[in-house]
Amino acid sequence: MDEFDLIHSITPWTIHHSSVDVGIGDDAALYTAKHGVQEIVCVDTMVEDVHFKLHYSSPEDIGYKALAVNISDIAAMGGIPKYYLVSIAVPSKWTKAEIKAMYEGMNELGKLYHMDLIGGDTVSISDKLVVTVTVIGEVEKGRACLRSLARPNDIVFVTGEIGSSAAGLSLLLEETNLQNSSVETDYFIHRHKRPQPRVSVGRLCSSMNRAALNDISDGLASELNEIAEASCVSIEIDESMLPIHSDLPKLHRNWKEWALFGGEDFELTGTVSNDEWEVLKQKCETHQLPITKIGHVREKTESNVILKTDNGLRILEKKGYNHFK
Ligand SMILES: Nc1ncnc2c1ncn2[C@@H]1O[C@H](COP(=O)(O)OP(=O)(O)O)[C@@H](O)[C@H]1O
Ligand SMILES: Cc1ncc(C[n+]2csc(CCOP(=O)(O)OP(=O)(O)O)c2C)c(N)n1
Ligand SMILES: [Mg+2]
Ligand SMILES: [Mg+2]
Ligand SMILES: [Mg+2]
(Lines of atoms letter the chains of each structure in order from A and count residues from 1; the text may use other names and numbers.)
(Lines give C-alpha, C1' and ligand atoms only; values in the text may rest on other atoms or scores of the structure.)
(Ligands and ions follow the chains in the order given, each with its own letter.)
Protein backbone atom coordinates (compact mmCIF):
# COMPACT_ATOMS: atom_id res chain seq x y z
CA MET A 1 0.00 0.00 0.00
CA ASP A 2 1.19 3.53 -0.79
CA GLU A 3 0.55 6.21 1.86
CA PHE A 4 -0.10 9.01 -0.64
CA ASP A 5 -2.33 6.84 -2.73
CA LEU A 6 -4.34 6.00 0.40
CA ILE A 7 -4.67 9.68 1.37
CA HIS A 8 -5.77 10.54 -2.16
CA SER A 9 -8.37 7.79 -2.04
CA ILE A 10 -9.91 8.99 1.24
CA THR A 11 -10.02 12.65 0.23
CA PRO A 12 -13.68 13.74 0.07
CA TRP A 13 -14.98 14.86 -3.30
CA THR A 14 -17.40 17.39 -1.92
CA ILE A 15 -17.58 19.76 1.04
CA HIS A 16 -20.60 20.67 3.12
CA HIS A 17 -19.33 24.02 4.43
CA SER A 18 -18.22 26.78 2.11
CA SER A 19 -16.27 28.04 5.15
CA VAL A 20 -13.64 25.34 4.37
CA ASP A 21 -10.93 27.28 2.53
CA VAL A 22 -8.29 24.52 2.41
CA GLY A 23 -9.04 20.90 3.33
CA ILE A 24 -6.85 17.84 2.73
CA GLY A 25 -3.76 18.55 0.62
CA ASP A 26 -1.74 21.36 2.24
CA ASP A 27 0.28 21.63 5.49
CA ALA A 28 -2.86 22.41 7.51
CA ALA A 29 -6.56 22.99 7.00
CA LEU A 30 -8.00 26.49 6.82
CA TYR A 31 -11.57 27.53 7.51
CA THR A 32 -13.14 30.90 8.09
CA ALA A 33 -14.52 31.29 11.61
CA LYS A 34 -17.57 33.45 12.27
CA HIS A 35 -18.16 36.31 14.71
CA GLY A 36 -20.38 35.66 17.73
CA VAL A 37 -19.45 31.98 17.64
CA GLN A 38 -17.16 29.92 19.85
CA GLU A 39 -15.16 27.12 18.24
CA ILE A 40 -15.18 23.77 20.04
CA VAL A 41 -12.33 21.30 19.56
CA CYS A 42 -12.04 17.81 21.02
CA VAL A 43 -10.00 14.69 20.42
CA ASP A 44 -10.47 11.08 21.54
CA THR A 45 -8.41 8.02 20.64
CA MET A 46 -9.55 4.43 20.16
CA VAL A 47 -7.05 1.59 20.52
CA GLU A 48 -7.47 -2.02 19.40
CA ASP A 49 -8.08 -4.34 22.38
CA VAL A 50 -8.66 -1.35 24.70
CA HIS A 51 -11.73 0.14 22.99
CA PHE A 52 -12.68 -2.65 20.54
CA LYS A 53 -11.60 -6.09 19.37
CA LEU A 54 -11.17 -6.99 15.73
CA HIS A 55 -13.00 -10.30 15.98
CA TYR A 56 -16.32 -8.54 16.57
CA SER A 57 -15.81 -5.00 15.19
CA SER A 58 -15.75 -4.44 11.44
CA PRO A 59 -13.60 -1.63 10.01
CA GLU A 60 -16.85 0.31 9.44
CA ASP A 61 -17.84 -0.16 13.11
CA ILE A 62 -14.45 1.13 14.28
CA GLY A 63 -14.61 4.19 12.05
CA TYR A 64 -18.20 4.93 13.01
CA LYS A 65 -17.50 4.75 16.75
CA ALA A 66 -14.23 6.73 16.60
CA LEU A 67 -16.16 9.64 15.10
CA ALA A 68 -19.29 9.11 17.23
CA VAL A 69 -17.45 9.42 20.56
CA ASN A 70 -16.03 12.76 19.47
CA ILE A 71 -19.35 14.10 18.16
CA SER A 72 -20.68 13.10 21.57
CA ASP A 73 -18.17 15.43 23.25
CA ILE A 74 -19.33 18.30 20.98
CA ALA A 75 -22.95 17.42 21.87
CA ALA A 76 -21.98 17.59 25.56
CA MET A 77 -20.95 21.22 25.02
CA GLY A 78 -24.26 22.02 23.32
CA GLY A 79 -22.49 22.50 20.00
CA ILE A 80 -22.78 21.64 16.32
CA PRO A 81 -20.04 19.35 14.91
CA LYS A 82 -18.59 20.66 11.64
CA TYR A 83 -15.16 19.36 10.67
CA TYR A 84 -13.01 16.34 11.58
CA LEU A 85 -9.42 15.19 11.28
CA VAL A 86 -8.35 11.53 11.52
CA SER A 87 -4.98 10.17 12.60
CA ILE A 88 -4.41 6.44 12.07
CA ALA A 89 -1.56 4.16 13.12
CA VAL A 90 -2.10 1.03 11.02
CA PRO A 91 -0.49 -2.43 11.33
CA SER A 92 0.86 -3.77 8.00
CA LYS A 93 -1.74 -6.58 7.83
CA TRP A 94 -4.48 -4.01 7.11
CA THR A 95 -5.43 -3.71 3.44
CA LYS A 96 -6.29 -0.49 1.69
CA ALA A 97 -9.88 -1.76 1.26
CA GLU A 98 -10.16 -2.26 5.05
CA ILE A 99 -8.85 1.23 5.79
CA LYS A 100 -11.24 2.71 3.26
CA ALA A 101 -14.07 0.76 4.91
CA MET A 102 -13.14 2.43 8.21
CA TYR A 103 -13.52 5.82 6.53
CA GLU A 104 -16.85 4.66 5.11
CA GLY A 105 -18.03 4.05 8.69
CA MET A 106 -16.98 7.57 9.62
CA ASN A 107 -18.55 9.02 6.51
CA GLU A 108 -21.83 7.23 7.20
CA LEU A 109 -22.14 9.17 10.46
CA GLY A 110 -20.35 12.35 9.36
CA LYS A 111 -22.75 12.96 6.52
CA LEU A 112 -25.74 12.83 8.89
CA TYR A 113 -24.27 15.93 10.51
CA HIS A 114 -22.94 17.46 7.26
CA MET A 115 -19.40 17.20 8.57
CA ASP A 116 -16.30 17.67 6.45
CA LEU A 117 -13.16 15.52 6.79
CA ILE A 118 -10.43 18.17 6.50
CA GLY A 119 -7.20 16.35 7.36
CA GLY A 120 -5.34 13.82 9.44
CA ASP A 121 -2.21 11.72 9.55
CA THR A 122 -1.15 8.19 8.51
CA VAL A 123 1.63 6.16 10.12
CA SER A 124 2.49 2.47 10.40
CA ILE A 125 2.56 0.60 13.70
CA SER A 126 3.83 -2.87 14.55
CA ASP A 127 0.85 -4.39 16.25
CA LYS A 128 -2.50 -2.80 17.14
CA LEU A 129 -4.64 -0.27 15.30
CA VAL A 130 -4.89 3.23 16.85
CA VAL A 131 -7.46 5.73 15.58
CA THR A 132 -7.50 9.32 16.81
CA VAL A 133 -10.26 11.65 15.69
CA THR A 134 -10.33 15.40 16.27
CA VAL A 135 -13.67 17.14 15.84
CA ILE A 136 -14.16 20.88 15.48
CA GLY A 137 -17.56 22.34 16.12
CA GLU A 138 -19.18 25.57 17.14
CA VAL A 139 -21.63 27.03 19.60
CA GLU A 140 -23.16 30.50 19.87
CA LYS A 141 -20.98 32.66 22.11
CA GLY A 142 -21.75 32.15 25.82
CA ARG A 143 -24.15 29.23 25.21
CA ALA A 144 -21.87 26.25 25.86
CA CYS A 145 -23.25 23.73 28.40
CA LEU A 146 -20.28 23.63 30.76
CA ARG A 147 -19.85 21.06 33.52
CA SER A 148 -19.53 23.97 35.96
CA LEU A 149 -23.08 25.29 35.40
CA ALA A 150 -25.06 23.11 37.83
CA ARG A 151 -26.72 24.97 40.74
CA PRO A 152 -28.58 23.80 43.89
CA ASN A 153 -32.23 22.85 43.21
CA ASP A 154 -31.56 22.09 39.52
CA ILE A 155 -33.13 18.97 38.03
CA VAL A 156 -30.71 16.21 37.02
CA PHE A 157 -31.56 14.36 33.80
CA VAL A 158 -30.19 11.73 31.44
CA THR A 159 -31.08 11.08 27.79
CA GLY A 160 -32.01 7.70 26.30
CA GLU A 161 -31.21 4.70 28.42
CA ILE A 162 -28.08 3.65 30.28
CA GLY A 163 -26.28 0.35 30.80
CA SER A 164 -27.10 -1.09 27.36
CA SER A 165 -23.62 -0.50 25.91
CA ALA A 166 -21.91 -2.25 28.84
CA ALA A 167 -24.38 -5.13 28.43
CA GLY A 168 -23.49 -5.32 24.73
CA LEU A 169 -19.78 -5.36 25.54
CA SER A 170 -20.29 -8.10 28.11
CA LEU A 171 -22.14 -10.21 25.52
CA LEU A 172 -19.41 -9.57 22.94
CA LEU A 173 -16.68 -10.55 25.39
CA GLU A 174 -18.79 -13.58 26.37
CA GLU A 175 -18.74 -12.57 30.01
CA THR A 176 -22.51 -12.82 30.12
CA ASN A 177 -24.07 -16.17 29.32
CA LEU A 178 -27.55 -15.68 28.11
CA GLN A 179 -30.09 -17.62 30.16
CA ASN A 180 -33.16 -15.88 28.81
CA SER A 181 -33.51 -16.63 25.10
CA SER A 182 -36.31 -14.08 24.64
CA VAL A 183 -33.78 -11.25 24.95
CA GLU A 184 -32.80 -9.51 21.70
CA THR A 185 -29.02 -9.50 22.26
CA ASP A 186 -28.27 -7.84 18.91
CA TYR A 187 -29.91 -4.69 20.23
CA PHE A 188 -27.40 -4.38 23.11
CA ILE A 189 -24.46 -5.23 20.85
CA HIS A 190 -25.59 -2.54 18.42
CA ARG A 191 -25.79 -0.01 21.25
CA HIS A 192 -22.16 -0.82 22.07
CA LYS A 193 -20.81 -0.73 18.53
CA ARG A 194 -22.90 2.11 17.11
CA PRO A 195 -23.65 4.71 19.79
CA GLN A 196 -25.79 7.63 18.61
CA PRO A 197 -24.43 10.97 19.76
CA ARG A 198 -27.14 13.23 21.22
CA VAL A 199 -26.44 16.39 19.26
CA SER A 200 -30.10 17.48 19.10
CA VAL A 201 -30.57 17.31 22.88
CA GLY A 202 -27.29 19.19 23.33
CA ARG A 203 -28.60 21.93 21.04
CA LEU A 204 -31.88 22.15 22.98
CA CYS A 205 -29.88 22.42 26.22
CA SER A 206 -27.77 25.24 24.79
CA SER A 207 -30.98 27.18 24.11
CA MET A 208 -31.86 27.06 27.85
CA ASN A 209 -30.80 29.95 30.09
CA ARG A 210 -28.35 27.67 31.83
CA ALA A 211 -27.58 23.96 31.46
CA ALA A 212 -24.67 21.77 32.54
CA LEU A 213 -23.88 18.72 30.40
CA ASN A 214 -21.48 15.79 30.25
CA ASP A 215 -21.53 12.82 27.90
CA ILE A 216 -21.47 9.31 29.34
CA SER A 217 -18.21 7.74 28.23
CA ASP A 218 -16.85 6.52 31.57
CA GLY A 219 -20.22 5.83 33.26
CA LEU A 220 -23.06 7.85 34.83
CA ALA A 221 -21.47 7.90 38.29
CA SER A 222 -18.18 9.23 36.94
CA GLU A 223 -19.81 11.91 34.75
CA LEU A 224 -22.08 13.16 37.56
CA ASN A 225 -19.05 13.35 39.87
CA GLU A 226 -17.36 15.55 37.26
CA ILE A 227 -20.36 17.90 37.12
CA ALA A 228 -20.58 18.02 40.94
CA GLU A 229 -16.84 18.77 41.25
CA ALA A 230 -16.81 21.44 38.53
CA SER A 231 -19.95 23.14 39.92
CA CYS A 232 -19.10 22.78 43.66
CA VAL A 233 -22.45 21.12 44.37
CA SER A 234 -23.75 17.71 45.39
CA ILE A 235 -26.02 15.59 43.24
CA GLU A 236 -28.69 13.20 44.48
CA ILE A 237 -30.19 10.69 42.07
CA ASP A 238 -32.88 8.06 42.55
CA GLU A 239 -32.15 4.49 41.51
CA SER A 240 -35.80 3.80 40.67
CA MET A 241 -35.81 6.67 38.14
CA LEU A 242 -32.83 5.47 36.06
CA PRO A 243 -33.95 4.81 32.46
CA ILE A 244 -32.95 1.32 31.36
CA HIS A 245 -34.05 -1.06 28.60
CA SER A 246 -36.72 -3.42 29.94
CA ASP A 247 -34.57 -6.45 29.00
CA LEU A 248 -31.46 -5.21 30.81
CA PRO A 249 -32.31 -6.87 34.17
CA LYS A 250 -32.86 -10.18 32.35
CA LEU A 251 -29.23 -10.21 31.20
CA HIS A 252 -27.42 -10.12 34.52
CA ARG A 253 -28.23 -9.71 38.21
CA ASN A 254 -25.61 -6.96 38.36
CA TRP A 255 -27.32 -4.87 35.69
CA LYS A 256 -27.35 -1.83 38.02
CA GLU A 257 -23.55 -1.80 37.94
CA TRP A 258 -23.71 -1.57 34.13
CA ALA A 259 -26.13 1.36 34.35
CA LEU A 260 -24.08 3.28 36.92
CA PHE A 261 -20.47 2.41 36.07
CA GLY A 262 -20.45 0.65 32.68
CA GLY A 263 -19.96 3.64 30.41
CA GLU A 264 -19.87 4.11 26.64
CA ASP A 265 -23.60 4.83 26.44
CA PHE A 266 -22.72 8.21 24.92
CA GLU A 267 -25.97 9.58 26.27
CA LEU A 268 -25.97 13.03 27.86
CA THR A 269 -26.43 13.70 31.55
CA GLY A 270 -26.84 17.17 32.95
CA THR A 271 -28.81 19.70 34.92
CA VAL A 272 -31.23 22.57 34.25
CA SER A 273 -33.13 24.86 36.61
CA ASN A 274 -36.38 23.56 38.05
CA ASP A 275 -38.28 26.22 36.03
CA GLU A 276 -36.72 25.24 32.72
CA TRP A 277 -36.99 21.47 33.17
CA GLU A 278 -40.59 21.39 31.91
CA VAL A 279 -39.62 23.49 28.87
CA LEU A 280 -36.71 21.20 28.03
CA LYS A 281 -38.80 18.08 28.59
CA GLN A 282 -41.56 19.43 26.34
CA LYS A 283 -39.11 20.35 23.57
CA CYS A 284 -37.54 16.90 23.76
CA GLU A 285 -40.97 15.27 23.58
CA THR A 286 -41.87 17.34 20.51
CA HIS A 287 -38.72 16.11 18.76
CA GLN A 288 -39.18 12.54 20.08
CA LEU A 289 -35.92 12.71 22.02
CA PRO A 290 -36.02 10.56 25.16
CA ILE A 291 -35.03 12.38 28.36
CA THR A 292 -35.64 11.38 31.98
CA LYS A 293 -35.43 13.25 35.27
CA ILE A 294 -33.26 11.23 37.65
CA GLY A 295 -32.67 13.55 40.63
CA HIS A 296 -31.75 16.94 42.04
CA VAL A 297 -28.77 19.15 42.67
CA ARG A 298 -28.09 20.00 46.35
CA GLU A 299 -25.85 22.42 48.21
CA LYS A 300 -22.39 20.90 48.49
CA THR A 301 -21.94 18.25 51.17
CA GLU A 302 -18.99 15.93 51.74
CA SER A 303 -20.33 13.44 49.13
CA ASN A 304 -20.40 14.57 45.50
CA VAL A 305 -23.01 12.11 44.26
CA ILE A 306 -25.59 10.17 46.28
CA LEU A 307 -27.85 7.39 45.05
CA LYS A 308 -31.22 6.84 46.75
CA THR A 309 -32.08 3.12 46.80
CA ASP A 310 -34.73 0.98 48.50
CA ASN A 311 -32.08 0.12 51.07
CA GLY A 312 -31.15 3.73 51.83
CA LEU A 313 -28.53 6.14 50.55
CA ARG A 314 -25.34 5.05 48.80
CA ILE A 315 -22.39 7.26 47.89
CA LEU A 316 -21.58 6.99 44.19
CA GLU A 317 -17.81 7.20 43.95
CA LYS A 318 -16.08 8.45 40.80
CA LYS A 319 -15.65 4.85 39.82
CA GLY A 320 -16.12 3.76 36.23
CA TYR A 321 -13.81 3.09 33.36
CA ASN A 322 -10.28 4.29 34.17
CA HIS A 323 -7.41 3.56 31.76
CA PHE A 324 -4.81 3.21 34.51
CA LYS A 325 -6.71 1.24 37.15
N1 LIG B 1 -3.05 13.70 27.31
C2 LIG B 1 -3.76 14.84 27.48
N3 LIG B 1 -3.17 16.04 27.30
C4 LIG B 1 -3.89 17.16 27.47
N5 LIG B 1 -5.17 17.21 27.83
C6 LIG B 1 -5.81 16.05 28.03
C7 LIG B 1 -5.14 14.80 27.87
N8 LIG B 1 -6.02 13.80 28.13
C9 LIG B 1 -7.19 14.41 28.43
N10 LIG B 1 -7.08 15.75 28.38
C11 LIG B 1 -8.13 16.75 28.67
O12 LIG B 1 -8.71 16.41 29.93
C13 LIG B 1 -10.13 16.59 29.93
C14 LIG B 1 -10.83 15.28 30.29
O15 LIG B 1 -10.50 14.30 29.31
P16 LIG B 1 -11.44 13.02 29.07
O17 LIG B 1 -11.73 12.38 30.36
O18 LIG B 1 -10.82 12.21 27.99
O19 LIG B 1 -12.74 13.74 28.52
P20 LIG B 1 -14.00 13.09 27.82
O21 LIG B 1 -14.47 11.98 28.73
O22 LIG B 1 -14.98 14.20 27.73
O23 LIG B 1 -13.54 12.58 26.49
C24 LIG B 1 -10.48 17.13 28.56
O25 LIG B 1 -10.53 18.53 28.63
C26 LIG B 1 -9.29 16.70 27.69
O27 LIG B 1 -9.09 17.59 26.61
C1 LIG C 1 -12.23 -4.64 24.45
C2 LIG C 1 -12.87 -3.61 25.33
N3 LIG C 1 -12.65 -3.64 26.66
C4 LIG C 1 -13.21 -2.69 27.45
C5 LIG C 1 -14.00 -1.72 26.93
C6 LIG C 1 -14.65 -0.72 27.84
N7 LIG C 1 -14.11 0.63 27.71
C8 LIG C 1 -12.98 0.92 27.06
S9 LIG C 1 -12.64 2.56 27.10
C10 LIG C 1 -14.02 2.88 28.04
C11 LIG C 1 -14.36 4.27 28.54
C12 LIG C 1 -14.44 5.31 27.48
O13 LIG C 1 -13.22 5.49 26.80
P14 LIG C 1 -12.26 6.72 27.05
O15 LIG C 1 -11.07 6.54 26.19
O16 LIG C 1 -12.01 6.92 28.52
O17 LIG C 1 -13.19 7.88 26.50
P18 LIG C 1 -13.34 9.38 27.00
O19 LIG C 1 -13.80 9.34 28.43
O20 LIG C 1 -12.01 10.03 26.82
O21 LIG C 1 -14.39 9.91 26.08
C22 LIG C 1 -14.72 1.73 28.30
C23 LIG C 1 -15.96 1.63 29.11
C24 LIG C 1 -14.21 -1.74 25.53
N25 LIG C 1 -14.97 -0.81 24.90
N26 LIG C 1 -13.64 -2.69 24.77
MG1 LIG D 1 -11.49 11.98 26.09
MG1 LIG E 1 -16.90 13.88 27.38
MG1 LIG F 1 -14.94 11.64 25.09
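Just so you know, the numbers here start at 1 and follow the chain as drawn.
Just so it is clear, glycine is given a Cβ too, placed from its N, Cα and C backbone atoms.
In the record from TrEMBL, residues GLY120, ASP121, ARG147, SER217 bind ATP; the candidate from TYR103, TYR113 listed for the same site is TYR103. Site annotation (TrEMBL): substrate is bound by HIS51, GLU264, and the candidate from TYR187, TYR321 recorded at this site is TYR321. The Cα of ASP27 (Mg(2+) 3 binding site) lies closest to that of ASP121, out of the binding-site residues ASP44, TYR103, ASP121, ARG147. Secondary structure of the domain 'PurM-like N-terminal' (25-139) per DSSP (helix as H, G, I; strand as E, B; remaining residues coil): 35 helix, 46 strand, 34 coil.
According to its DSSP assignment, GLU264 (substrate binding site) is coil. Proximity of the binding-site residues (ASP44, GLY120, TYR321) to ligand 3: a Cβ under 6 Å from the molecule is found for ASP44.
Ligand 2 lies under 6 Å from the Cβ of ASP44, SER217, TYR321, out of the binding-site residues ASP27, ASP44, TYR103, ARG147, SER217, TYR321. Each residue contributes its Cα atom, and for HIS51 (substrate binding site) and ASP121 (Mg(2+) 1 binding site) these two points are 20 Å apart.
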